[in-house]
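Engineer: Structure below; questions to follow.
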């Protein structure tokens with residue numbers, strides 16, 4: 001019988017932040033420690049406050065950051081070229097001044113993609129509950145924080161009250177065992193999981209990841225997994241914090257200092273599921289024989305290993321899945337039985353809140369050093385933040401990228417989504433180190449294949465999808 005006192009890591013976060021239970025259906029009034037907002041999902045929320053003449057409850061708990069619509073042109077300036085983007089960013093700036101909330105604007109040396117900037121600044125700490133107007137807020141689970149995305153009306157309520165009406169999720173534990181083989185990454189792990197359980201396999205769940213694979217991964221690798229957990233439907237993703245996390249956070253601008261650091265560490269070490277905690281669902285995945293993954297369709301779960309081939313929908317039983325596969329192949333312009341390594345590309349994109357960090361760029365440089373991208377391929381590398389960009393330049397990575405023929409640009413969400421200048425044309429096919437491959441995600445009629453950033457680099461050199469293990473040496 002379950003111990004009445006046993007709790008999962010998710011339960012501990014929710015219980016410690018619950019102000020009041022609202023009913024018997026699992027709805028609670030939840031306190032939010034940190035709010036991170038971008039220029040795209042916040043305007044209506046601020047307009048609502050202004051119309052009602054309300055102020056923001058806790059200004060110091062909020063960060064405003066420009067990332068979705070800003071240009072990533074190599075030479076940075078504060079001007080937008082798109083009228084809609086100009087309107088959004090100017091209104092963002094206006095609200096920052098009106099409500100006295102800190103803003104990382106386009107030319108701020110701390111600017112970047114919100115889910116990269118937050119951990120650089122030490123804004124995402126173990127035990128926190130963090131809400132943002134973006135679904136990939138799950139990224140912060142890599143630090144033992146609970147992050148989740150919210151809509152515009154919720155943002156307005158949160159700004160005014162520091163709270164949200166929240167419905168509790170079910171608990172899922174994903175245990176990842178084995179040692180990652182040569183050439184595989186955290187991106188391959190999460191892509192394999194999404195393919196295994198489906199795009200809705202974790203709907204209404206918070207996932208806790210554990211096991212040898214997680215223990216061995218770097219903090220930035222863990223962020224990739226938590227970031228893409230939302231692609232299988234999860235509304236939250238967790239990993240218990242450990243010494244790697246504490247070392248990563250230590251010394252960041254907003255992290256606790258001195259005696260407060262020691263007190264924080266003592267509390268953070270308690271952040272783990274109880275040994276006898278019961279999960280609503282358990283999944284085990286052995287990663288010992290994992291291969292690099294690619295998507296072939298228009299959903300993140302339509303993916304397989306690079307050595308595979310385009311599936312035949314007619315081999316599936318009649319039903320919705322067969323129809324989905326048929327629609328995906330028609331949109332992607334692919335034929336059943338085609339080897340993945342035969343698929344030619346026109347574009348290669350590396351960046352995003354999933355894979356735009358310094359460790360990702362180091363792996364890309366290993367593939368590109370001494371090589372050139374294929375004729376006819378346009379390659380773009382967008383660092384996840386201005387600080388990542390500076391670090392990559394200091395380490396000599398940027399020169400490798402430029403010498404290989406890639407465009408080395410400024411930070412922002414860029415081509416992860418068609419919301420700024422960086423947009424594909426109809427029929428363009430892109431090897432992409434991002435998180436979503438929906439129809440039109442990178443531009444109307446564009447075709448996106450998700451993979452690790454190193455795999456993108458290899459595809460850019462080859463001119464087609466290819467196994468990155470052919471380009472790098474093992475240990």
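In case you wondered, yes, glycine gets a Cβ from its N, Cα and C as well.
Quantities reported herein were computed from a predicted structural model and do not represent experimental measurements.
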Engineer: Hey, Swiss-Prot has [4Fe-4S] cluster bound by 413, 416. Any idea which of 287, 353 it lists too?
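Structural biologist: Given 413, 416 bind [4Fe-4S] cluster in Swiss-Prot, the matching entry from 287, 353 is 353.
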Engineer: Beyond the listed site residues 353, 413, 416, identify every same-chain residue whose Cβ lies within 8 Å of the center of their Cβ atoms for the [4Fe-4S] cluster site.
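Structural biologist: Other same-chain residues with Cβ inside the cutoff are 67, 68, 113, 115, 136, 351, 352, 354, 356, 412, 414, 417, 434, 435.
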Engineer: Near residue 416 ([4Fe-4S] cluster binding site), which residues of its own chain have a C-beta under 8 A away, given they sit six or more steps off in sequence?
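Structural biologist: Expected: 349, 351, 352, 353, 354, 432, 434, 435, 436, 441, 442.
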